[in-house]
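Novice: Annotations for this protein, taken from TrEMBL, read as follows:
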{"type": "DOMAIN", "residues": "447-560", "note": "domain 'PGG'"}
{"type": "TRANSMEM", "residues": "453-473", "note": "transmembrane segment"}
{"type": "TRANSMEM", "residues": "493-516", "note": "transmembrane segment"}
{"type": "TRANSMEM", "residues": "536-563", "note": "transmembrane segment"}
{"type": "TRANSMEM", "residues": "569-593", "note": "transmembrane segment"}
Amino acid sequence: MGSSVLTSDDHISYFPSSSRSQTTDNSVADDVVIKITDEQGASMESKENIKNAVKLHQAALKGDWEAANDIFKKDTSWITKKITIRENTALHIAAAAKHISFVEKLVKLYSSNDFDLAIKNRDGRPALAYAAISGIVRIAETIVDNDHKLRDPVDDAHLKYLPLLSSVFYKLKDMASYLFSQTNFDALQTTQQLNLLLATVDSDYYDIALDILKKKPELAKERVEENGETALHLLARKPNAIGSSNKLCFWKKYINSRFNRIYRTAVMQTLAHQVVERLWNFVVENLSTFELHKLILTPSNLLLDAASVGNVEFLIILIRSYPDLLWMASKDNKTIFHVAVENRQGNVFSLIHEIGGVKNYLGNGYNEKNDCNILHLAGKLASPYHLNKVVSGKALQMQYELRWFKEVEKIVIPSHYEMKMKNEHGDRLTPRELFTKEHKHLRREGEEWMKNTANSCMLVAALIATVVFAAAFTVPGGNEDKDGIPIFQKNQVFTVFVISDVAALVMSTTSILTFLSILTARYAEEDFLISLPSKLLIGLITLFVSIACMMVAFSATFFIAYHKTTVKIPLIVAAVLILPIVCFCMFHFKLFLDTMRSTYWARFYLRTNKKRLF
């Protein structure tokens, strides 16, 4: 996009048609010169004109109508004169600066003097283009209502200067909706229409995209000149944009009044679903098999693009109406399931369990050049970016990778377990050997992470065990001299103290032993799947319970000590002691949740009981 009037390149610098004017006026920079053309086209430069240009520019930037109007009264030609290096008029500047009143008054002068509101600057932008970027719909309405020619932008050869497209690029939804309603869509060139469609898809304005397709469904097969892509190629790379249904669910309508943002997202996802359906239905119904396959495969395979980013809803829409797409493979014999495994997209891979016996064929294709099968792809290390995004902690990342390998192993025929892939170094490795080699550093980092975590937690557990053990022999209130029985043994609060102290001791001791078992583990690959994460969970839970019980015991001590005086002090102490418990939960909740999710819930992630395809 070109620079706005508010950029440093477009302040008070001006240029002449001939040589630069030499002026010594202190109020204007030495290089301030203006190009002014009279009715006969002759160029003239004057100190007075430069001053007026500067004053008008400043007035338009500040919205100072009085100062600008003084100049217009003296010479109405200033209304349309180009006063900046980019040949912007006062209307361009005021529209970009969002001065509504200034623009309204200036547009009235345009109308009363029969001036053209479509005057363009050096970049080919009319004032409406700056109004579009400002996002103020009222400014755009003022300009459009006074010059209906702007609704037919047939002479906008430069697409990037189309006001409607500018508002879409800048993600100004209200402005985009207004300008689309005012633009004569049929007057646009096909290239402009296609680029407008792609821009609305890219900005997630699927309501406008749907309206565009209703006006011209043929855009579904059109390609961008620069890269040859269609709208379907762009949508294939937007995994979070498409909803699972083309209709809005009842509960999503219900939350409209309460959670408007969630509702708007749900609406756009539903509309995106409809956009994909409309695009796909058109190409299926109007293209030959050869043309359809060419659209899918060039410039890139949009099925594999969707699989690589986890765009499962996009794939479901296409495959439902054209099941043959399941059999489409790349030159190296990769189907959408191979790509899903390679990029760790579980929502796409889980579709393989919905196609019955066909999965035995689709899941067992391999690259004949290097004998790389789908299990080899699972054995390769996922990208660090993906691992850090889906799970925290190196040990849990190792568990994540191992779970993927185990799940893919279930669909592979036995002969592929021992198939040896030839790598770039000439080595031949089975899937398991490849997994071990690729994950060697991750396993080592996982071991270090697990030991550091266990060490830190065990230290806290040991401190708690020491404190509560000592508290058991120094009970609040002391013991009787004769038989050593606690003085407050019949007090109910004392019973709470005893139970919580014993529970804290038991739980802290259990936590110590659990973390000790983590430190002494052998750290084989298989240990990262269930054994080590389960021990970490047990250790964290028992540590949390021991902290909570210790705080209860401490609070009970204060209640016993102050039960005959005032209750306020023990109540305050009990309230304050909640803080350590809350802090522990806050600091360790994500670790606990990630461990729980990756150990027990993730086993269902790669499998689904839903029938989404057919």
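Our numbering is plain: 1 for the first residue shown, then up by one each step along the chain.
Cβ atoms are placed via backbone N, Cα and C, with glycine included.
A TrEMBL annotation is a machine prediction, not a hand-curated record.
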Novice: What are the helix, strand and coil residue counts for the domain 'PGG' (447-560) according to DSSP?
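Specialist: Tallied per class, the domain 'PGG' (447-560) gives 87 helix, 2 strand, 25 coil.
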Novice: On the 0 to 100 pLDDT scale, where does the domain 'PGG' (447-560) sit on average?
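Specialist: Over the domain 'PGG' (447-560), the predicted model scores a mean pLDDT of 87.
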Novice: List, by number or range, the same-chain residues at least 6 past the transmembrane segment (536-563) whose CB is under 8 A from its CB atoms?
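Specialist: Distant contacts of the transmembrane segment (536-563): 395, 450, 453-454, 457-458, 460-461, 464-465, 467-468, 471, 476-477, 488, 491, 493-494, 496-497, 500-501, 503-505, 507-508, 510-511, 514-515, 518, 569-570, 573-574, 577-578, 580-581, 584-585, 588, 591-592, 595-596, 599.
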